[in-house]
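Engineer: Got these off Swiss-Prot a minute ago, pasting:
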- 48: ubiquitin cross-link (CROSSLNK)
- 1-76: domain 'Ubiquitin-like' (DOMAIN)
- 54: site 'Interacts with activating enzyme' (SITE)
- 68: site 'Essential for function' (SITE)
- 72: site 'Interacts with activating enzyme' (SITE)
- 121-144: zinc finger (ZN_FING)
């Protein structure tokens, strides 16, 4: 049977084939006529690209059908180089989990009474849960910078 192959230039070539011929055979015949290597050829019929291992009858290609020949495009996006960093990556700080850490803030005396070792900041800006640092003669809040000086009887 006779089929037509339309190239990109608009030129139509005729090929004598059998329905049992594979797509590879058709590409070889196109190479004989046009000189285009089979690995660069893409044949399209009814909007589908024809795969090499299949036959013409698999795609229901009948006599006087027209195949479209396009050239294969190689490659894709440009390959990017791997970046070389001059300084090593900074290691993220991992918070250490200490069991019963809350016990550092309280002291239990021999009578069983609980005393707070640190003082909470009284500022409205800080709120509850912000403890003040204990200095030699004062308490200091690192968040709002409030300082409370000890009296002799406070210690």
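The first residue you see is number 1, and the count goes up from there.
Here the Cβ of each residue, glycine as well, is placed from N, Cα and C on the backbone.
Show me how these features fit into the shown structure, please.
Structural biologist: Just so you know, the Cβ of residue 48 (ubiquitin cross-link) picks up 9 other Cβ atoms within 10 Å once every protein chain is counted.
Taken together, the residues in the domain 'Ubiquitin-like' (1-76) have a mean pLDDT of 84 on the 0 to 100 scale.
Annotation for residue 54 (site 'Interacts with activating enzyme'): spatial neighbours 22, 23, criterion Cβ-Cβ under 8 Å with sequence separation of six or more. Annotation note: residue 54 (site 'Interacts with activating enzyme') sits in a coil segment as assigned by DSSP.
All protein chains considered, the CB of residue 68 (site 'Essential for function') has 17 other CB atoms within 10 Å. In the three-state DSSP assignment, the secondary structure recorded for residue 68 (site 'Essential for function') is strand.
Other Cβ atoms within 10 Å of the Cβ of residue 72 (site 'Interacts with activating enzyme'), summed over all protein chains shown, number 12.
Listed as Cβ neighbours of the zinc finger (121-144) (distance under 8 Å, sequence separation of 6 or more from its ends, same chain) are residues 105, 150.
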Engineer: Could you state the CA-to-CA distance between residue 68 (site 'Essential for function') and residue 48 (ubiquitin cross-link) to the nearest Å?
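Structural biologist: Checking the Cα atoms of residue 68 (site 'Essential for function') and residue 48 (ubiquitin cross-link) gives a distance of 10 Å.
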